[in-house]
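See structure below.
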Amino acid sequence: MAGVLPTFGPFGPLPPSDEFGIKETRPRLAGRRAGGYDLVERMEYLYVRVVKARGLKWSGAFDPLAEVKLGSYSCATRHIEKTVTPEWNDVFAFSRERIQATFLDVVIKGKGFAKDDYVGKLRFDLADAPLRVPPDSALAPQWYHVLDKKSERGGEVMLAVWFGTQADECFPLAVHADAAFAADAKIAAHIRCKQYTVPRLWYVRVNVIEAREIAFADKARVGEVFVRTKIAAQVHRTRVCTSRLPSYGWNEDHLFVAAEPFEDRLILSVEDRVKVDKEEVIGHVHIPFSEFERRWDTRPIRPRWFNLVRPEGAPKIDKFSAKICVRLCLEGGYRVLSEPVHYLSDVRPAARELWHKRPPIGLLELGIHNAFGLSSMRTRDGRASCDAYCVAKYGVKWFRTHTVIDSLAPRFHQQCLWDVHDHCTVLTVAVFHNSQIGEKGGLVTGDPVKDVLLGKVRIRLSTLETGRIYTHAYPLISLHGGGIKKTGELQLAVRFSSTSTLGLLQTYARPHLPPMHYHYPLSIVHQETLRREAVALIAERLGRMDPPLRRECVEHLCEAHSHRWSLRRSKAHFFRIMAALAPLFAALKWFVDVCHWRNPPTTIVVHIIYAMLVCCPNLILPTFFVYKFLNGLWNYRRRPRHPWHVDTRVSYAEMAHKDELEEEFDDFPTARPPEVVRMRYDRLRSLGARIQEMVGDVAAHVERARCAMTWRDPRATALYLLTCLFLAVTTFLAPFQAVALLTGFYVMRHPSLRQRLPDVPANFFRRLPCKVDCLL
């Protein structure tokens, strides 16, 4: 099971990076075992844990709370109504580098008290605070007397004060009291660090077979019946079946996404389409998930019958006994795809019974150092400001750092740890601006304000060397309708340690996804639909946690909008194909130069090598593989030294037109003016016309190749068959080496033996008919 631990360790500062680039510090071998706390700097904090109070003395009822003061910093616990023995158990953290006072004051007062009124006060000398570093045992709190204004005992308070680091188990629960808004408990909860566990997702398969004993109030009616299936907000419906008999059949599969623990129910509703725009419910049934069978193989699921219930207010039907037959199944053999296949961070199936087939093969450690040069997201007191936090996503464990308030160079220095079950996966780290805090934040105004994405970093584990620490400053790139912008840089340290070298190598021979994806593959349309539902379900579940991870964060991390049309992305994919085929084009150009004798010595050497291979064909494959081996060794000295990062040139973001970006980030359906929509439509028509012409040329060439044998052009087919007969006799009588040598020497003949006109085979092929004559 994956785990995330906030950890620390000694680490030096990192140099700044170049514009839109990545700055690399020298990778070093791990000096400790995998899982050591050595990827981030050590940051010290003063922790104050206020547990409870007793025996508080005050004239009258009051709502006690504890206020902690350290120099100019002040924060308070929540108030407990009408009691003299309150229990708070709140933890506050002060950054040691910001501490300027030597004493800590703890004041017990009531809600609504005047500024100078209090029940009791305690002063603690920071020189007496011990230093605690895990794995040291937790510091036990103790009782202290508090004194009122008359220096008399006003009760007792239990607290603990110590110096610690971000490795302390209280760090995720602590309120950073030296930050702004720390006094507001509601806002303080939204700036804490948090570990989130993504719920285990299942595909739900509902096979609607048939319904019987369907009756209508009008007995003469020929029903147009269909079945509507629903789980939460996911709704599907079958086709309409018309029958004069009381039985109707469909045999259709409906797929849903559900998350553990299962809270919803499946609702089957048999409905009659009375009119085009009017539907009436004949009967329905609610089925809990406990009735579903679970499977993780290809075994068949037995059908089951369920009695339908008439809805309230529907016309009564005598002896209503309608029932429906369905197959219900929780598919545990699939991996529910909540992210694109290219960015998968976990490939295990939903059923735990299959997890033993993919045991952990390594550990992934991530150290989130700091960010610098962040763009200003708001202004405070007339100066630029940003409230940044990071979210790291890998597998079912997501880790969110605390929000560093009012800083363009926030320091996080937190470390995460995951088990790795497949190293051909991707780690995603995103930086967001917290728009919920501040004077105009969503928590203050109550308006739905979205957190702003500052940039993302993706690291593919298979590109990392085992046991090596990579420390880099990654650029944060923000792309929006107004263009591309560098919003800062994020410094990370990553280490992938293998616990099983044999298991690591065996993963290259395994299927990337669980076997069910290949036994019963899902269509592309189904996958995209279910992926959107999975992202919505994850966002809904993580939004319940405290603090909630907002929906926009989940959508950005899961690439929820990657399926949208983007002209910029289409151009990027085209140029990616061209770049990937560049070596092939270069080889073809080199061969053309050889055939045209641009470099006679090279052409002569190629003739000699070709003759050797033709005379000794058993050397062809060994020569090819030796060439690949030597080429790979030659490329080793130029191997990549750091992981990939977001590249604006590969993304075609620098050359994208502003209107193309506005179209990419436009809502669906669009709300743009008609003239803008018309311009985009005309541009898409122009692009589609060019693609249409290319597809037509390819279709014409394929049809010509087929028409050579179909006697559509009798003379051309006769010539083709006679040529085939002649070549068959020639190749049978002549030795293979002679035919191959003559063919190769003919292709590479000297330019003086060539002509500028096309060859006879090309002329013959171009004259063959195609079905373009049949088009309107």
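In case you wondered, yes, glycine gets a Cβ from its N, Cα and C as well.
Residues annotated as domain 'C2' in TrEMBL: 27-144, 183-306, 343-474. Annotation comment: TrEMBL describes 574-592, 604-630, 719-748 as transmembrane segment.
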Determine how many residues of the domain 'C2' (343-474) DSSP places in helix, in strand and in coil.
14 helix, 64 strand, 54 coil
Who are the long-range neighbours of the transmembrane segment (719-748) in its own chain, taking Cβ under 8 Å and residues 6 or more past its ends?
594-595, 603, 606-607, 610-611, 614-615, 708-709, 764
Restricting to the same chain and to residues at least six past its boundaries, which positions have a Cβ under 8 Å from a Cβ of the transmembrane segment (604-630)?
594, 737, 740-741, 744-745, 748
Based on DSSP, tally up the residues of the domain 'C2' (27-144) by helix, strand and coil.
6 helix, 51 strand, 61 coil
Treating G and I as helix alongside H, and B as strand alongside E, what does DSSP give for the domain 'C2' (183-306) in helix, strand and coil?
7 helix, 70 strand, 47 coil
